[in-house]
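Remarks on the structure that follows.
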Amino acid sequence: MRGLRVLRAEWTKFRTVRGWVLGAFGATLASVLFLLVGTASTNQSSNRHTQDAVALPVGPGGEAVNDSFFFLHEALTGDGSITVSVTALTGVLAREPGRTSPGTTPWAKTGILVKQSLDQGSQYAAMMVTGAHGVRMQDNFTHDRAGLPGRPSATSPHWLRLVRAGSTVTGYDSADGAHWTERGSTRLAGLPATVQVGLFTASPAAVQTSGSRGGTSPAVATGTFGQVALGGSWARGSRPDRWRGVQVGGDAGTSGSYAENTSGAYARTRSGFSVTGAGDIAPVVGGPSLGPAYTIENFLVGTFAALIVLTVVAVQFVTAEYRRGLIGTTLAAAPGRGRLLAAKAAVVVTVAFTVGVVAAAISIPLGRQRAHATHFLVFTVPRAVELRAVLGTGLLLAATAACSLALGAVLRRSATAITVVVVTTVLPYLLAVSGVLPASVAQWLLRLTPAAGFAVQQTLPRYAHVLTVYTPSSGYFPLSPWGGYAVLGGWTVLALVAATLLLRRRDV
Amino acid sequence: MRRMSATCLRRAVHAEWTKLRTDTGHAWLLLGLVAVTASVGGAVAATARCPASGCGQDPVRLTLTGVSLGQTIAAIVAVLVVGHEYGTGLIHTTLAAVPRRTTVLAAKAAVVSGTVFAAGTVAVLASVLAGRGLLPGNGFTPAHGYAALSLTDGPTLRAVSGSVIYLVLVALLALGIAAAVRDAAVAMGVVLGLLYLFPLLSHVITDPDLRRHLAQVGPMPAGLAVQTTTDLRHLPIGPWAGLGVLALWAAGTLLIGGTVLRFRDA
């Protein structure tokens, strides 16, 4: 009961100081304005790709995907199977313009594929031979299982098999074509009776990790197959030589590109087929291959402006009491000092959380609309991830506001308290993402300082089976979203405890 | 008449110096400026790695990373010199003693510049010493194309002296803002926003031209261009020109602060 009265008194104080209320609204406004400035530019390098498609293909789980590869395919109706041997995976890398050298990227892939349709982002299951990770079974972009290790050769080919039964697809591999190992089985919900099945090849571009942001260069791969064995009911009978070849997606997508004078193709060889392609069948990740595209966290850049304004307000919420001598009256009315701090914290946390959520909820749709108008791609993420970023922004501002309040009570000097908060949250982030510091230093900064909390806004996903530069300068925090937030939370609790102890021990 | 105002300014500077000298808080802040700048510089130098030649790092800039933190303490010093007087009501006494308000601001600017210059010099030199001791052990060796840090090297001397001037200019920028808004907390918020929001914005902007322009006009990115010693061709703005941009910002805020101070009731 007494606690509620203290809370009400603190809320009245906050509500009746015009500057603070203006500050809360100003923080929201500053956040949105900041976004508008940040997204002011139009896409200068807008090529055909970005002009036409202002959204990336979306996979079955709602994530942005690349679904671009060369596919030699045929329609299969009902249950059936496909079996083939892969005798080689070769490729061409174009590290410098006009000069190519033989080689494959680690996740260049060739093999067999069962796909719902030729539309990008439709469901699939595949068995494949990769450049550096052996045989893999992958399905619906985000799932990856290991199979036989090593690379195939003419003398020791890798045998791959996919069996479709209803909506279930099962993958097998074999080193000799006689003894088979099941690598996994996946249910593709709602798979139609007629699916597209065949041989495919894809190769993501080569990623250079040197430099702060890295870069990519074109890479093309060629898979060499033996004879194809089929089971089931096929549209043109079991005659693979009459299958059709197509570049799914029309081009190599955002993460791949064809080297000069190369294109997707297939050919009959003496013993089977060869299929050449570039692109990737994988979720989109950040880093050099994403190119000029906006992410949800880009739209949340205004958080920094809001953070600085809210820090000023939260610090003043306690230091103003000291300056005006009001603290004497406050403590006379409510002698419980811990309760007083808790009440003040409850007020600033509520205000900051509201500002964060409202600003984020406005910024994301607004940013998406701005990106659409200026012909930029937007990195699509599942709704749940977007919701986490919105709530996370509110929680992030709430924690920094509580931290500011606590430091204001500890230091009692507003300028110093504000600086400590901003310098420990914004500056480490800025130094880490700007690429000035080496990646290892940047990652430690984002593990130890309160800036780790910004991880809660990261929507870029990380996949073991997609290669990119997973560093802070390309948008990747070293900790998980909630792990990073826990670091910020830990600092906040520490500051609040210190403030409570000092407030109890000190004279007014 | 001119003689009078010169005497007046000298006395005002002396008064400001006494106020600053006798407030122990300022001594701690200046000590903090040295400690924070040097320790961050040392920590970065200790953790940076150059595994092979052509690792693309700028050892001088890495060593001087602490300046981006130390600048905030320089700003606090400047903000408190004004904000604290308004907070305590001392400003009335100050203005009664020295009625010419521009003289008060000029005196404050002189004292702040002097102390920040002194502390900044110690801080930057300590950083360079730390870098000189630590970097060769981490692969920044002549074999990888990096000579030991030395003030006799032209670009290094430019980065070092430029960093000290940078700290002084940031303090003056903060002083102007504090004089304009009077409240220490709000002034600090504005200063931090001005410093950090430009580089944050240019991280989001995808248009390379706009990003370049932001780096040319933002007080922090433009001013810190002076720390660069390698790949000068790729800088959005030249080292001294960048520092000039920061000087314009400082002059601008001092002008606003001076004008507001002159025409506003205390």
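These residue numbers are counts, starting from 1, taken along the chain as shown.
Quick reminder: no glycine exception, Cβ is built from N, Cα and C everywhere.
Fair warning: this is a prediction, and the values are worked out from it, not measured in the lab.
Residues or ranges marked as transmembrane segment in TrEMBL: A:20-40 (among others).
Positions annotated as transmembrane segment by TrEMBL: A:299-320 (among others).
Within the chain carrying the transmembrane segment (A:341-367), a Cβ under 8 angstroms from the stretch's Cβ atoms is held by residues 3, 6-7, 9-11, 14, 24, 27-28, 31-32, 35-36, 39, 294, 296, 298-300, 302-303, 306, 310, 313-314, 317-318, 378, 386, 389-391, 393-398, 400-402, 404-406, 409, 496, 499-500, 503, all 6 or more beyond its ends. Look at TrEMBL and you will find A:341-367 (among others) tagged as transmembrane segment.
Feature annotation from TrEMBL assigns transmembrane segment to A:387-410 (among others).
The transmembrane segment annotation in TrEMBL covers A:417-437 (among others).
Counting same-chain residues at least six beyond the ends of the transmembrane segment (A:482-503), those with a Cβ under 8 angstroms from any Cβ of the stretch are 337-338, 340-341, 345, 392, 395-396, 399-400, 402-403, 405-407, 409-410, 424-425, 446-456. Positions annotated as transmembrane segment by TrEMBL: A:482-503 (among others).
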Where, among A:20-40, A:387-410, A:417-437, do we find the most CB pairs under 8 A to the transmembrane segment (A:299-320)?
A:20-40
What same-chain residues lie close to the transmembrane segment (A:417-437): Cβ under 8 Å, and 6 or more beyond its ends?
212-213, 304, 307-308, 311-312, 315, 319, 400, 403-404, 407-408, 410-411, 443, 445-446, 449-451, 453-454, 472-473, 475, 488, 491
Sequence-remote contacts (6 or more beyond its ends) of the transmembrane segment (A:20-40), Cβ cut-off under 8 Å?
14, 294, 298-306, 309-310, 312-313, 316-317, 351, 354-355, 358-359, 362-363, 366-367, 370-371, 374
